[in-house]
C-alpha cells in the first residue's frame, strides 16, 4: 500500500471513528422527559458530551471564547478555506439553511472553525466566510487551540503533507447544532439538504419556546 492509499485508509477509518464517537456520546433518555423528542433523528433524546469551552481567533483578529461566539443557536462546522469542494458545499448548505430559518423567523448563526492554522489567517477566513454568508463567523487559532476545539466536539482532522502549501486536509464533516444554554442539540451529515437542516433546527427552536427540562449537553457554558 502506497503512502496516499495509507492516508486515505486512515482518513476513512477516522471518519467512522468520529461518527461512532458522536453516537457513543449521546445518551438516550425516555421521550416523556424530552421536549425535543419529535425533533431528533433517533428514538430517544440526547444528552451528549459534545462541545465545550474553546479559545480561538476570530476572522477579525480578536481572541474569542465559546461564550463570545455561541450567543444564539448556531450551526458549527469544522473545515478549511482551501478545501476544494467539501467545505464550500457544506458551508453553502449551512448558509442556505440559515437563510430559510430567517424567513421563518429564527435567528441562527453559522460558525466555521478552521482546522488549517497555517493557511487560514483571519484575512483569508474573512474572504471565505463573506462568500458563504454575511452571518457566518470564521474562527482559526494556533494548532493547540484548534486541537482543543476539535477534541471538545469529537471532530477529526489530518493534514496530509504538513509544510506543503498546497496540502489537502482530511476532516470530519458533521455540522453541530449548538444552543448557548443547552449546548449540543443534534448534528447533521453531508446528505442533509438545506430544507432538512432548516426543518430540524426549526423544530428544536420551536420546542425551546415550550417550558421543560431537557438534560444540558455539556458545552461548558
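A Cβ is built for glycine as well, from the same backbone N, Cα and C atoms used for every other residue.
Annotation comment: Swiss-Prot describes 83, 87, 171 as Cu cation binding site. Under a cutoff of 8 A between CB atoms, and with a sequence separation of 6+ in the same chain, the neighbours of residue 171 (Cu cation binding site) are 78, 79, 80, 115, 155, 156, 157, 158.
Mean predicted confidence for the domain 'Thioredoxin' (45-210): the pLDDT average there is 96. Positions annotated as domain 'Thioredoxin' by Swiss-Prot: 45-210.
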Protein Cβ atoms within 10 Å of residue 83 (Cu cation binding site), excluding its own: 20
Where residue 87 (Cu cation binding site) falls in three-state DSSP terms: helix
